Structures are given as C-alpha cells and as structure tokens.
C-alpha cells in the first residue's frame with residue numbers, strides 16, 4: 001500500500017528528524033547536553049535500562065481493508081506474538097468518522113505509532129501486506145502457535161469461542177475461506193479444532209454456558225473481555241469496526257490468556273455473567289463494554305463483585321504491545337510531571353477548575369489522544385485537568401510517557417474514575433472497596449495521581465463510603481470531584497488526614513441545560529450572582545462527548561476578572577485554606593440555582609443544610625428572608641443553630657406565605673451571622 005510507504009518516507013527527513021528526536025529526549029529527561037549529531041551519541045533511550053526488542057525489529061502491518069474474520073485472526077495472532085515481548089504493532093490508517101471523533105482535525109491514527117518511533121531502542125519494520133507476517137514468524141521462537149481452529153461464520157458467537165482457544169491453547173481462529181484463499185501463507189497451520197456445526201441451533205446463552213464449563217477452567221481468571229459478535233448480514237458482509245463488535249481489542253486478552261464472552265447485565269444472561277464475575281480473581285480486569293443493558297447496569301454488576309472495567313475498550317487496539325514494550329523510566333517521569341504543583345495566594349475570587357471526562361476510557365484515550373482534544377491548539381491556554389487511567393502504569397507506560405512529555409505547563413492529570421479501573425464505589429461491598437482502594441493507593445504512589453473523580457449514578461456517595469476513602473487513602477488524596485455532570489447539592493466533605501493534610505470532596509457543579517459555551521457562561525454568571533461567599537469554589541467536570549477544551553477557553557474568555565481558573569490540585573488546596581474554619585450553606589435546591597416554587601396562602605417547609613467545616617463547635621444565627629420582587633415585601637425568619645465540629649445539620653423552616661404573594665416572582669435569601677448569603681430564585685403559586 002503505497003500510502004503507508006509514502007507516509008513513512010515523508011517522516012524521514014534526516015535533519016528535522018534528529019532535531020525532533022533531540023527535543024523529545026530533552027522532554028523525557030534523557031538528554032542534558034550534546035549536539036544533534038548522528039544518533040546523538042550516548043544519549044539514547046536504550047542506555048537507560050533493559051529495553052524490549054533491541055535484537056529484532058517490531059513488525060508494523062497496515063491493517064487497512066481487512067474483513068471482520070481476518071481481523072479476528074490477526075488480532076488473536078498479535079496477542080500470541082506479543083505474549084512474552086513486544087513483537088507486533090498494528091497500524092490502523094482509517095480516519096475516525098463515527099460520533100464525536102469526527103469533530104477533531106487529526107489526519108489519522110498515527111499519534112502513538114509516531115511517538116514510539118522516537119525511542120532509539122525500538123526499531124520498526126512496516127509491512128503493507130499483513131499476511132507476510134506468517135513468512136516471518138517461523139523463525140521467531142518467542143511465542144508458540146500450535147495450529148488453528150476453524151470458526152463457524154453462521155454462528156458469530158464462535159468468534160469468541162475461537163478467541164478463547166487462542167488464549168488457552170495457542171490456536172489461531174480462522175475461517176475455511178481464509179485457509180483456502182491464503183494457502184501460501186497458512187500452509188503450515190494444522191487444523192486442531194473445527195467449530196463448524198458444533199453450535200448450530202444453540203442460543204447465545206447456551207454457547208457461553210458451554211464455554212464457561214469447557215474453556216474457563218484453563219483461562220486466566222483475572223482477565224476477561226465482554227466483546228460483542230455481529231449478526232450476519234444477508235450479503236455476508238460484516239462491519240469490521242462497529243462499536244460493540246470490533247476485533248481490534250482482542251489482542252490484550254489473548255496475550256493475558258483471558259476469557260471472552262458476550263453477556264448483558266439483565267434478563268436471562270445476567271445469571272451466567274454473574275457467575276463469571278464471581279469466579280474471577282479479586283480486582284480483575286474487564287475489557288470490552290456492556291452488551292445491550294447499558295453502561296450503568298454493566299458497571300454496577302462489575303462493582304458488585306469488586307471487578308474493574310478498563311473503561312470503554314472495544315476499539316482499544318495494541319494493548320498487548322503497550323503493556324509489554326519497555327520504556328525505561330516512563331512511569332517515574334509521568335509521576336514527576338503529575339506531582340508538580342503551583343502555589344497561589346488566596347483571594348476573594350470565584351475559583352474554577354476544569355476536568356475533562358472519559359479519560360479512563362481506553363477507546364477515548366487512544367483515539368488521537370483524549371478523543372483528539374489533546375491535539376487541539378487551545379490546549380495550554382488555560383489550566384486544565386485531564387482524566388487518565390492509573391492502570392496505564394502497567395498496561396501502557398509508553399502512553400503515560402507520551403502525555404507527560406507533550407504536556408504544557410497548563411496540563412494536569414487526574415485519576416479517573418473512582419480509583420483504578422472504572423467502578424461505582426456505592427455499589428461495591430465495603431470489604432471489596434477497601435481492597436480496590438488499597439491497590440489504588442499503590443498506583444497513586446507510582447503515578448502521582450492524587451486527585452480523582454468519583455461516579456455514583458444511583459445517588460450521592462454516602463458518608464459511609466466516603467469514609468472508606470478517607471480511612472484507606474488518607475493523606476494520599478488532595479481532592480475528589482463527585483459526579484459526571486451535575487449533582488443535587490450535597491454536603492461538602494473536608495477530611496483531616498495524617499501530617500496536617502486535608503482531603504477535599506466536592507460535588508460537580510456544571511451548569512444545567514444545554515452543553516454550549518453560551519449556557520455555561522450564563523450558568524457561571526448566575527452562580528456568581530446567587531452565591532455571595534468569596535472566595536467561592538466551582539468544580540467543573542467537562543463532558544468530553546459534548547464540550548471541548550476549545551469551548552472552555554471561550555467560556556473563560558467571556559467571564560469577568562472575578563473568575564480565576566486554577567489547576568485541580570491548586571483548587572483543592574485553596575478550598576481547604578479558605579474553608580478550614582468556615583460554615584457553609586447548602587440550600588435544599590440544586591446548585592447551581594434553579595427557580596423553585598412555593599405555595600402562597602399555605603405553609604411551606606424549607607430544609608437548608610448548614611455544614612461546620614471547622615474543628616471547633618460553633619453557634620450561629622441562621623436567617624431566611626423571603627422576598628417578593630413584585631410586591632416589594634419581605635418575610636424574615638431566624639433560628640439560632642449550634643453545630644459541633646465538622647457537623648452537618650439540616651435546619652427546618654416552616655413558613656406561611658401570604659396569599660398576596662400568589663403569581664409573583666421573588667427570591668429566598670439564606671444568611672448566617674458570619675456574612676455568607678445564598679440567593680435562590682422563587683415563583684409563588
């Protein structure tokens with residue numbers, strides 16, 4: 001394929017290549033002097049440790065134009081070839097046109113391949129015809145190929161059964177057509193198993209019950225993949241890269257000798273999936289994604305058993321390579337970048353911090369880097385947090401190296417989601433949660449990712465669960481942002497940890513409504529108007545499939561000087577400094593504020609929350625003022641409230657609203673004797 005060769009040729013202008021490589025070595029901390037001559041003399045990455053593949057070239061076949069069944073075969077072959085060391089990297093040249101990926105102007109999927117080519121100890125051989133791999137593997141003794149298994153194209157579930165045989169018996173899944181059409185390349189493959197006809201007439205559930213009985217005992221019980229298989233089309237053509245049925249992600253699970261299945265977390269498939277998750281080793285990795293029951297049901301189900309989703313990983317190619325290629329010092333370089341912090345004096349401002357969602361998703365992370373957002377020219381213009389999967393320290397250290405080396409001074413990394421992997425802590429039994437968080441603590445030490453996001457779609461994280469985080473992770477965490485987009489107002493948590501360190505736990509405060517620059521600007525200005533406290537802290541979790549860093553730069557440009565954007569770590573430290581002796585008001589309505597309705601001529605009950613973040617007991621005067629803007633009339637109610645150290649308490653106001661307030665607009669004003677005030681818009685009915 002000439003395009004692949006031409007692209008390779010274009011990248012080899014020697015002078016520019018050496019200057020680029022020199023700049024790269026400086027960024028990763030492996031070049032401190034010398035000149036850009038030859039191969040930079042002794043300033044080579046291979047001088048830093050025990051690099052992989054110094055004696056053989058890494059094969060890079062171009063996978064353009066492969067059919068579904070060919071991709072099944074080659075992805076399993078890649079897993080076998082990479083099981084003990086990094087031998088093969090698959091190159092996928094297709095541009096991403098589906099969904100949100102099509103918005104970002106990046107030429108193709110070369111981002112990480114081009115990155116790996118910068119390491120001096122890695123040598124690559126690009127191949128136009130993937131089948132020529134078979135001519136090269138006979139002399140490679142680093143992996144074992146025992147033959148092949150013929151899958152049944154009329155029973156698509158046999159794609160997973162065949163992949164299981166690749167995992168446990170080193171057999172290559174093929175079709176009869178592939179064998180006949182490529183005799184010259186596959187002539188040395190002995191057919192060891194033939195699945196044709198074996199599963200005809202069986203339901204999908206029956207097929208995977210058979211697999212659980214016959215194949216599961218030989219598999220690695222810490223690695224599974226819930227990957228879909230296609231429904232055959234009438235013309236026999238099957239999409240090669242649809243969301244649920246892509247074969248790109250099979251290589252990692254094959255390399256790990258894991259187990260493939262395709263089961264939903266509902267209906268008659270739930271029980272078998274439950275048995276598999278229960279039979280797994282603690283804190284196992286689940287590749288793939290949900291199969292028809294939705295994300296929440298899938299993650300709840302995994303969390304119930306203490307298992308970890310590796311985000312969405314149906315397209316996540318080459319992880320058998322990423323996890324085995326040795327990049328000396330990569331994780332430590334990332335840690336050094338992640339732990340960098342800046343100090344700012346506390347001022348009476350509205351502090352914002354942004355964290356982009358979905359960095360835990362391997363699909364999203366590996367598509368041109370954060371779904372292409374890492375490539376946008378606006379990156380670096382404002383402090384910005386990027387979610388990233390801490391397990392990359394094991395499964396892709398070179399990818400961590402890419403992000404740290406290409407980061408600007410305004411790029412900051414955040415642990416997502418909930419800890420290692422992706423799970424819902426509120427759905428996880430507390431003993432299993434402690435085990436997961438203990439492992440999370442180990443990865444925090446490795447990566448420096450001491451801020452994290454937490455998800456709990458069924459409701460706010462309880463005090464019992466947040467206390468487990470405090471007990472296990474203690475002083476390792478600087479801050480936690482809870483919620484994907486927007487949570488009902490819940491108590492802020494400020495934990496005292498060993499060594500005088502505080503952990504701040506805050507709910508996400510995204511503006512409600514349309515995901516647009518205009519709506520976010522209006523929402524943030526409304527927060528400024530309704531929340532009188534200064535300094536004020538607003539954590540924002542940017543939904544990556546709706547908004548971009550480009551949008552956030554525009555948002556900031558439309559806010560006044562009262563607003564200041566800071567890095568997540570700086571944000572949490574300033575919050576702790578500002579509020580360690582404070583009392584906070586949380587009204588019963590949503591934050592940011594929404595107009596509430598009260599009934600005129602009737603008794604209304606309002607239950608705002610007061611939270612004492614101080615270590616001392618306090619007594620304050622709490623006042624509620626009800627304002628009718630149309631009548632120019634106010635009602636005032638007051639209570640004396642005593643709060644113990646770090647106590648959260650609801651205060652009940654029962655108020656009679658006069659009939660003349662009917663069909664007017666107004667405000668509720670909550671105020672305390674320390675001067676803090678909160679305004680809530682109201683409509684009187």
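Cβ atoms are placed via backbone N, Cα and C, with glycine included.
Copied over from TrEMBL, here are the features:
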| type | residues | note |
| --- | --- | --- |
| DOMAIN | 146-218 | domain 'GxGYxYP putative glycoside hydrolase second N-terminal' |
| DOMAIN | 246-323 | domain 'GxGYxYP putative glycoside hydrolase third N-terminal' |
| DOMAIN | 348-575 | domain 'GxGYxYP putative glycoside hydrolase C-terminal' |
*Restricting to the domain 'GxGYxYP putative glycoside hydrolase third N-terminal' (246-323), report the mean pLDDT as a whole number.*
94
*asked:* Within the domain 'GxGYxYP putative glycoside hydrolase third N-terminal' (246-323), count helix residues (DSSP H, G, I), strand residues (E, B) and coil residues, in that order.
replied: 33 helix, 10 strand, 35 coil
*On the DSSP side of things, how many residues of the domain 'GxGYxYP putative glycoside hydrolase second N-terminal' (146-218) fall into helix, strand and coil, could you say?*
36 helix, 12 strand, 25 coil
